[in-house]
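Reading through the structure tokens given below for one structure.
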Amino acid sequence: MGILTLAEDRPTPKSVYNWRVYALAGIASCGSNMIGYTSAFIGTTITLTSFMKEFGLDEMSTTQQNLISENIVSLFIAGAFFGALGTYALGHFIGRKWSLAVAATVFFLGAGLQLGANSARGLGILYAGRVLSGLGTGVASNIIPIYLSELAPPAIRGRLVGLYELGWQIGGMLGFWINYGVEQHMPQEHEQWIIPFAIQLVPSGLLFVGALWIKESPRWLFLKDRRREAMENLCWIRQLEADDMYITEEVAAIDQALEHQKSSIGIGFWKPFQALATNKSVMYRLMLGCMLFFWQNGSGINAINYYSPTIFRSIGVDPNTVNLMTGIFGVIKAVMTFVWLLFLVDQFGRRKLLLVGAVTGSICMWVIGAYICVVKPEDNPSTSLNGGGIAAIFFFYLWTAVYTPTWNGTPWVINSEFFDPNFRSLAQAATTASNWLFNFLISRFTEQMFDKMHYGVYFFFAALSFLAFFFAFFLIPETSGIPLEKVDRLFDCKPVWRANKILKAALAEEEEQFRYEVKETSYHEENTSSFVKSSARLCVMAARPSKKTGATGQIFASPPLSPPEPPGSEPTGTEVPGAPPTNELVLPWFKSRRHTRTTAAAQRGTDHVPCSTT
């Protein structure tokens, strides 16, 4: 399936896939540029000779150097953990738009603080800046996927949320290559290491400026009962009029979800906490979302992101070419993320990607670990790679090419879809925080693991990737093409590997019934309007005095027929047979039809076709 092939959940006007929705997603993804860059550049920058001389690391033992490196990396991640936890409050009270502005501001302040570090002030100010930029990162990493999923049409939701991952990888690639550039072309002085730190200001500044322009999420505005603004934003994003059938259906689905939330949970900051404790279904999905990030980090990706020089040295790469190899690693990730975004995430599906990535990633890690176990390149250093070393590098880049479009971004897409509006903000905060927690554990102990386990680290990651296959196969349903308000019903459909097809069939049947009811109601409303106008004209004509007698008279020998009553309705009890006054017949009938339509629409979420395996 190609870039132009979209799996739509219902008939969708082409104008829905317009430049506005992509522009909003692109601006929000400046936040992921910010995250990707700061995650990638730090591991190499702190190994630059100029940085080590500035802070006296070159005079320390290897153990002390590793400890400081781990502190610089892990303090940022600790800040991101707490930032992600605090995002629920921000998103609830000030919305998605202004939460992004807050994230950009806090990150910008942290990046600026890091620029104040030098040999005289020591590393303390650098640590403080890393914590602040981590807080901003935690907020952005939570809000961006929520915002993108809420403004995206179902057919391109994976693609839009995937822009978050693409921005992350582009930022990471720039971080790797900027380090390579300053190492190769700048003297080993203060400016060499300060430039990579200063570039952090660029994406955070762009995110702040962009956040002032982007539209607030219509779903959040509906939640806050700001309906007029919500309708304006939704129509602007979709490039459709308010009375378009697509808008009518989307608003009906949002209203239905909100009514369900009000009746079952309630509207308020603490209500989801109270309901979460008793809702086993949501607790189960929350566990799945957190475990997705556990298996993602268990693949070893963040160990490579933060400590790529250590990884390449363990394979036997010459220290003088480590940064070049790291730059190639960044390019492969960016290119494969672009492929994933255009051709895989919406067309191939989330679930299949996880399965393929787990198996292939495990095989690659086993091969790399076996090579290091047999050859022991660190004990037998060489300025050039032998055939086995080249094969190990090949499998490392193969692992990168497969892992990136599978486990790198897909868990973020799935977690942005897993939860209905009742719990989305709270659950997203919890799952994002879990990602940063697992990330922290990996970053804090990677250097020590390589120190003690050597090639065993690759076997460790290979075993976790192998187990991730069974987790995804038996527990993760396919979410592509399912409206956000209906995703919770996926977990009622068994078996898991057929849940998507079963639910889509049920939704198609419900959609057909809904459109039939809307057309039927419109037909009766038009007939009613014509009847009222005709009756009014007849009454006027009947009331006019005759030119010959001067008296009013009847124009029909018998009264006109009244409009047909709805099936099963009771007689109206009118006093005069024939066409009665409109306020006694037409209006009650009209209201009855409107009530019938409203009731049918409200019941669509409960009286649905049950999921089954037949």
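Keep in mind that glycine also has a Cβ here, set from the backbone N, Cα and C atoms.
Taken from TrEMBL as is:
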COMPBIAS  560-569  compositional bias 'Pro residues'
DOMAIN    24-480  domain 'Major facilitator superfamily (MFS) profile'
REGION    550-614  region 'Disordered'
TRANSMEM  21-52  transmembrane segment
TRANSMEM  72-91  transmembrane segment
TRANSMEM  98-117  transmembrane segment
TRANSMEM  123-148  transmembrane segment
TRANSMEM  160-181  transmembrane segment
TRANSMEM  193-214  transmembrane segment
TRANSMEM  282-304  transmembrane segment
TRANSMEM  324-345  transmembrane segment
TRANSMEM  352-372  transmembrane segment
TRANSMEM  384-404  transmembrane segment
TRANSMEM  455-476  transmembrane segment
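Sequence-distant contacts of the transmembrane segment (72-91) (same chain, at least 6 residues past either end, Cβ-Cβ under 8 Å): 38, 42-43, 46, 98-99, 102-103, 106, 110, 123, 126-127, 130-139, 141-143, 146, 220, 269, 306, 425-426, 428-430, 432-433, 435-437, 439-440, 443-444.
Sequence-distant contacts of the transmembrane segment (324-345) (same chain, at least 6 residues past either end, Cβ-Cβ under 8 Å): 1-3, 40, 44, 158-159, 162-163, 165-166, 168-170, 172-177, 179-180, 304, 308-309, 312, 317, 353, 393, 396-397, 400-401, 404-406, 408-410, 413, 480.
Same-chain neighbours of the transmembrane segment (282-304): 39, 275-276, 311, 329, 358, 361, 365, 403, 407-408, 411, 414-415, 418-419, 422-423, 427, 430-431, 434-435, 438-439, 441-443, 446, 449, 457-458, 461, 464-465, 467-468, 471-472, 475-476, 488, 491, counting only residues six or more beyond its ends whose CB sits under 8 Å from a CB of the stretch. Within the same chain, residues 24, 27-28, 30-31, 33-34, 37-38, 41, 45, 48, 50-51, 54, 97-98, 100-101, 103-105, 107-108, 111-112, 114-115, 133, 136, 140, 171, 174-175, 178-179, 182, 186 sit at least 6 positions outside the transmembrane segment (193-214) and bring their C-beta atoms closer than 8 Å to a C-beta of that stretch. Each residue in the domain 'Major facilitator superfamily (MFS) profile' (24-480) has a pLDDT score, and their mean in this model is 90.
Against the transmembrane segment (455-476), stretch 352-372 shows more Cβ pairs under 8 Å than any other of 21-52, 98-117, 160-181, 352-372, 384-404. For the transmembrane segment (21-52), the most Cβ-contacting stretch among 123-148, 160-181, 352-372 is 160-181 (pairs under 8 Å).
Outside the transmembrane segment (98-117), and at least 6 residues removed from its termini, the chain residues within Cβ reach (under 8 Å) are 28, 31, 34, 38, 79, 83, 87, 90-91, 123, 125-126, 128-137, 139-140, 143-144, 147, 194, 197-198, 200-201, 204-205, 207-208, 211-212, 214.
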